[in-house]
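These notes are about the structure you will find just below.
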Amino acid sequence: MVMPTVVSDRMGTIDFIDYTNNHVFSKCQTDSLNTVNNGSLKHDDYLHGLANGKLVAKQMIGDALRQRVESIDSEFCEPGDEDTFFVADLGEVYRQHLRWKLNLPRVKPFYAVKCHPDERLLQLLAALGTGFDCASKAEIEQVLRMGVDPSRIIYAQPCKTNSYLRYVAQQGVRQMTFDNADELRKIARLYPDAELFLRILTDDSSSLCRFSMKFGASLDSTDGLLGLARQLGLNVVGVSFHVGSGASDPTAFLKAVQDAHVVFQQAAAYGYSLKTLDVGGGFCSDDSFEQMANVLRAALDEYFPAHTGVNLIAEPGRYYASSAFTLACNIIARRTIQDGSAVSVSDSSSMSDDGSVNNGDARYMVYVNDGLYGNFSSIMFDHQHPVAKILRAGGRTMYNSVAAHESSAEDAIEYSIWGPTCDGIDRITESIRFREILDVGDWLYFEDMGAYTKCSATTFNGFSNEHDVIYVCSEPGAMALLGL
């Protein structure tokens, strides 16, 4: 049993659970600090280390969740004690980086800060040597405060605010994107020394979130834009594209790389020697990543082989953040539905002798302390479908057990899960069945909650968008990089 030492800072909304657990890791994991950036990590070693790391991660996350929820009595706790909270495993971010280096060794990741600008996450990625894709002055400021060199930042926002352009010029952040003539003239006026990436239009029809309606120059317009850039004396250094967030069609990368190759040839005709291709984001953290990476890697090897000297970068966001964060929510209210109607306290036919509601064929609406206006906003705009699992019910903690999961048994109880606001659309789950009876004070947890969650939470209805994060680290390499 691995025992944690807890260092907490509730006022700063940060807890860190530090584990002394190097003995449970394989040599692959303890050596990976030295091999992650030199390309010597082998596939079999990675898989062996991954399996070990995942097992330890589950134990650590479970311990952190258990310690927190078992210390809270919803009947007597202070306001805020039972609030939603996250557990973040920085070791998962580290494993994802190993996975990236194994599958796309030539492509340097520039983490999309917008996805989840968590300070600890950014610190680890900076230590791993990644770059950063920033879309605003605030994101650039946050990265620069960590001591990251401006050359490791790309201002990947084709339509920029004038004052932000002046700011990045002062800070020496030179790399940025454009996709239209007006933006070129603005840059020529405010930051003529910038290093520019022409963002091209892609087919993002298979993506969860499409960007082509808003950003990207068509191939019909790229030649003219390159000509204008040359006329204005601007320095175009590369091409960028984005196949959409949460892409599902690997061939989208192939077509985009082919189009980028065409633009490289167009640029050469104007005397530009482009040095970088930015393949954007769209990478998921699930099993589809390897398929996407295989197609992209083959396309890059064909159209931009290593001997050409072209630098390759990407802008992954959810790939790094999604699976690293687990969210715990408290059930704050319950409504019993019998035959399609809410059960009234005065309905004696539905009451037991002790005053409790008979289960029978009842369904329940449970209300939790987070919802679509909070960390579940991704349901609305990111097309996500978070799956609830039982963390604690009936005085028992059930994390990662059979009882925690949805059940298809005939006698399983049906629930819908709702957020805390007064808006009728604030529903997290329309229907899910569990074997357990859930009640006020019980806890649910949701995995894969690191992407576009906390960063887009609002304060609608006066509910807080500041939630505690408990950090664990299931990889010694990550702990070493962070000095923990």
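Quick reminder: no glycine exception, Cβ is built from N, Cα and C everywhere.
As written in Swiss-Prot, here are the features:
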type: MOD_RES; residues: K114; note: N6-(pyridoxal phosphate)lysine
type: BINDING; residues: S245, G282, E315, P316, G317, R318, Y452; note: pyridoxal 5'-phosphate binding site
type: BINDING; residues: F381, D382, D423; note: substrate binding site
type: ACT_SITE; residues: C422; note: active site, proton donor
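According to DSSP, R318 (pyridoxal 5'-phosphate binding site) is assigned to a helical segment. Ranked by how many other Cβ atoms sit within 10 Å of their Cβ, the binding-site residues G282, P316 place P316 at the bottom. When the recorded positions K114, C422, D423 are compared by Cα distance to Y452 (pyridoxal 5'-phosphate binding site), the shortest distance belongs to K114. Taking each Cβ in turn and tallying the other Cβ atoms within 10 Å, the top scorer among the binding-site residues E315, D382, D423 is E315.
Neighbour density for F381 (substrate binding site): within 10 A of its CB lie 12 other CB atoms from the protein chains shown. Comparing F381 (substrate binding site) with the residue listed as 'N6-(pyridoxal phosphate)lysine', their Cα atoms are 14 Å apart once rounded. Separation of the C-alpha atoms of D382 (substrate binding site) and G317 (pyridoxal 5'-phosphate binding site): 13 Å, rounded to the nearest whole number.
In sequence order, G317 are the recorded positions from G282, G317, C422 with a C-alpha within 10 Å of the C-alpha of K114 (N6-(pyridoxal phosphate)lysine).
Taking the Cα atom of each, D423 (substrate binding site) and R318 (pyridoxal 5'-phosphate binding site) are about 28 angstrom apart. Closest to C422 (active site, proton donor) in space, going by CA atoms and restricting to the binding-site residues G282, E315, G317, is G317.
Of the listed recorded positions, namely K114, G317, R318, Y452, the sparsest CB environment within 10 A is found at K114.
DSSP assigns the residue listed as 'active site, proton donor' to coil in the three-state reduction, placing it in neither a helix nor a strand. The Cβ neighbour count for the residue listed as 'active site, proton donor', using a 10 Å radius and every protein chain shown, is 8.
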